[in-house]
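Data block below; observations after.
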């Protein structure tokens, strides 16, 4: 009986594996997979529809077409299982094996595998050290290659043309052998001695001095080492046997009408077989060489197309002129195997429908249409029906359900109770795009969604659709309930703020409810408690907005367990609406939080306070109650838009006339030649922008206040001076914008102010504005101008979405394997956090930056010296507030950047899980969360910041810095200055800053002070707000002397290096240095105009401490302001360089800027940083470049070649610090890493990315950016291999080097040294250790080619790899599953030896 039952068991192979290895298949291996050789190109017999024997679908090779039935029908049924029919040779078994069994084709002539040939860098070329061009000539029969030179002067691997070959054969006879085609290449590979090649290459790397040689040798060495280590042979890159895919994977499907649809692969295989058979026949017939060669070339081409069509030459096309889909095309790209079937699967038990709003739902509920629920929960219903005895079989149960028996609905209710379902809205940009809800059955066909979760899903009800998924197993239901239920996702993982925040109608209702109206009915009444107010309000004795006095019970959180909360009763002056809201406040929230007009921001703060003070459960209930109140009072308020709400200000015509008058004057100035065309345009745009702002201000002033009317008489109230009493306006449009429900001041301005200036699609501004608004209506010209700019917006949106999605994909890919895997890595590293100050404003407080981090050292109160919190403490709200209050300046906190966990992160370095508000759990996939948090707001970023010709960026060039607050001045350590004759302090440092500290020594502001500025304050001086700290000339850059003495010019020759220019207006003559390219006299090209200083005895003044004379070079374009022989004092200006301000560089902003930072691209026209601390000098110029030399303290010179048109900010004899900017321009992040270290790099990337997001009002925690930077830095470059197996200059995972070094140190050998390399996110994803993950990301062919040559092993550490092989991911609940599995395996581990394991593998 048992044996019988075994028959019905599925043939399942449960293989436990820890890693997947990829490599080259040897011909023997291919034959061992195969069940027979495919000899004919035939597929199936067109009459009988049976597969042809020995053909591509042969049943003898691949297995039976029908289950347990041979082809001729002699053996049918299960009892003959395993019999091989003697008539047709088919094994009687399941037809499913046609998906698994492979065949093979014996090739008549070897063929090169196109991937190893053409995928750059060509692996064949690397192994043989022959160029790809030459190999192709051999393979495609254009040249001979010498395989064995014998005693002749030829060399191995030399190419011979047809003529050469004939000549050499005449000359040497049979002393040498040469061959053509893949045979020649194979012979070379076969005869190669890998070990001796490796030896000679290692020697070459040590001895040679040439960089390129070392690079090339290292590349070859890497490939050969891999072959040596993996035990694969290079000649396997040439195919002699071709595997044939199982037929079910390349099916032939009959269509109606006797035609067939076939997979392209069959076509490609048929071509290979046809050519191969023809070649065999030609060889048997001893055909002429030229015919055979042609046939061999065609065979090579057909195998190329089969493996990767279109990689070389023209792609093979089918009958319909469409390129055929080859094996490589099957796996790569969006529609390939990886991304289509392995990473994105369609799932069962799911449905989708349109969503509608469900305002009556609780936060954890969703409305599910009965029809849908019935279909989704069918199996559960069948089971219940059977258990209850309503149906005896599944079939009967099915019938009951189809007939919609009334009992089915009762069962459905029961089945659905407490069985959560998951709702998902595409695109799922972050983890809140899928949440679990408890279904509530509803009539109709649309899913009902709770309004408060719309923000997380980014859903609206204009026709959006959502998908429903049913978690089946108990574990899945449990995870849904504990991790995914919407009530457990109140906070946004991106920044830790609540994401369940009321919006639109709800905000409007709550705002209306909490506004105060002067003279409303019932004003000034006094009530004993809120229920009394409710009665009065219901009976219409009170208005909602009336000001009243009432006693309100405030409940503090209870101290003990089971005690009632402590109540305090306080008397408040408040309004009716606010008192009503106090009823729904949870215990522990003070009434003061709602005793104000509730706008959107305030409501957000309210929910945040509730979460922190009262916990999750109370907050969710509170949010629901807020929603119900908001909707209810928005309905009662009846706020709507009417035309009279759009008030056009009376001053508008006057403002416009004044602007037109100004423009008329400027036009006249332009005509008389006083201003240029560009200046005129800029001024016009400025005037209109200002006029628009004035109109908008007048409009908002008029909108936002209204006179108070008496309730009975309807007359306007006046105060004792006869002035009208005013109050904040109850204008509907104003209320909508003010509350934050919908619209903004900018939109109201277009409705009832003036539309203002419009932009063209290229971002430039049209100088004639639209003076009308929408209330007045536009004329045809105005309408045309406005459509012009609006279209651009639509086009941009479409581009933006695609780009943003691609950025997210790259970010996820680079961080997908970063998971919290231990609690504490024990590092003492960290970064120092300060408040972020820009200009005079605190952009982000210290509290905000350290909240949710772990302190890396004890935080000490600077005044008392006591410890506020000890090392290793998670800084929560209270601690952070305390630190802020104690005026601590900086806190060292742990960071993902310095975490020492090898493959992952530790919980301490990460800190708080922002989405839960608790310390992060082991198993949290923080990498993916970081990627989503940065990618998700990407769609809100702009594609580019327009250099708005004055309109938006009308910030005038600053010419002074003034303090915003009182405090004490502190100079930054970079500042260097000299005192001039007038006793003014002149700055001579490049990156000087002035800090202003408050009385506790806490940094309040930070101002950059440029070179040449005059300082107006001393270090340590106490100043008032508004005091000027420093001033400078904005449009000219001075060259300032640090020495006094008599000037001597050198190489300053009029007409040679300088020209005399006479100013047209002032008539003064000045000397201007001319560009060497434009100098007409040949010998003047190398001359640099410079100035030296002489003392009283006419001796040259030297740089202090050296015998080098002081010399200051004048740059191109400098206007020299001193005369030869003039006496100058310290701090005087020698020359001025005019700065071009009009040429606004189009700064990449928005999304492209974020992508540029994460891709670590070298910016165009990058600035130069000083490589060392030392003295600057200029060397001899080369053509078009100037040479700058920095001599460091040890006397070592560092040279730079800098393009002539670049502005060097340093001058001769100046001392610069390592990492300081010496040539203006955007900074290259690679330089920051090299010169300033990891921390400075992280700070740079963090600040730059945050700038872009902050501009759009998106807040993202720094942690997420640090996580990404950590992944960009995960590879290191070997600077010295020591005794390790690494190669000099090789890039490896840092974890790998650390492990190897530990091993070497225990063996008392020399460890390898390395330096960090910064990789962009795309490169970092592709260079990951996991080839499965890299192949599914981009450049699949290249990744797989490289991995198979290297014989790579994928340890399946990341999330993607595990999804692809179909396992639970090693994150969250899956992490413990994997850990337990591994432990069990280790306890049972016995070593099994497989017959075809190579000796190397056994030895390992």
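Each residue, glycine too, has its Cβ placed from N, Cα and C.
From a predicted model like this one, the values you see are computed outputs, not experimental measurements.
Record check: Swiss-Prot places 899, 906, 909 at the Zn(2+) 2 site, and the matching candidate among 825, 869, 886 is 825. The closest partner of residue 464 (Mg(2+) binding site) among the binding-site residues, by CA position, is 909; the full candidate set was 72, 85, 88, 825, 909. Within 8 A of the CB centroid of the Zn(2+) 1 site residues 70, 72, 85, 88, the other residues of that chain are 59, 71, 73, 74, 75, 86, 87, 89, 90. Listed in sequence order, the residues 822, 824, 827, 894, 896, 898, 900, 901, 905, 907, 908, 910 complete the 8 Å Cβ shell around the Zn(2+) 2 site centroid, once 825, 899, 906, 909 themselves are left out.
The Cβ of residue 88 (Zn(2+) 1 binding site) lies under 8 Å from the Cβ of 53, 59, 60, 70, 71, 72, 74, each of these being in the same chain and 6 or more residues away along the sequence.
Nearest Cα neighbour of residue 906 (Zn(2+) 2 binding site) among the listed binding-site residues (85, 460, 462): 460. The most densely surrounded of the binding-site residues 460, 462, 464, judged by C-beta neighbours within 10 angstroms, is 464. DSSP assigns residue 70 (Zn(2+) 1 binding site) to coil in the three-state reduction, placing it in neither a helix nor a strand. Sequence-ordered, the extra residues of this chain that approach the Mg(2+) site, with Cβ no more than 8 Å from the Cβ center of 460, 462, 464, are 355, 459, 461, 463. The binding-site residues shown are 85, 825, 899, 909; of these, the one with its CA atom nearest the CA of residue 462 (Mg(2+) binding site) is 909. Comparing the binding-site residues 70, 85 on other C-beta atoms within 10 angstroms of each C-beta gives the minimum for 85. The Cβ neighbour count for residue 906 (Zn(2+) 2 binding site), using a 10 Å radius over every protein chain in view, is 22. Residue 899 (Zn(2+) 2 binding site) is 65 Å away from residue 85 (Zn(2+) 1 binding site) when you measure Cα to Cα. For the pair formed by residue 909 (Zn(2+) 2 binding site) and residue 460 (Mg(2+) binding site), distance between Cα atoms is given as 38 Å, rounded to the nearest Å.
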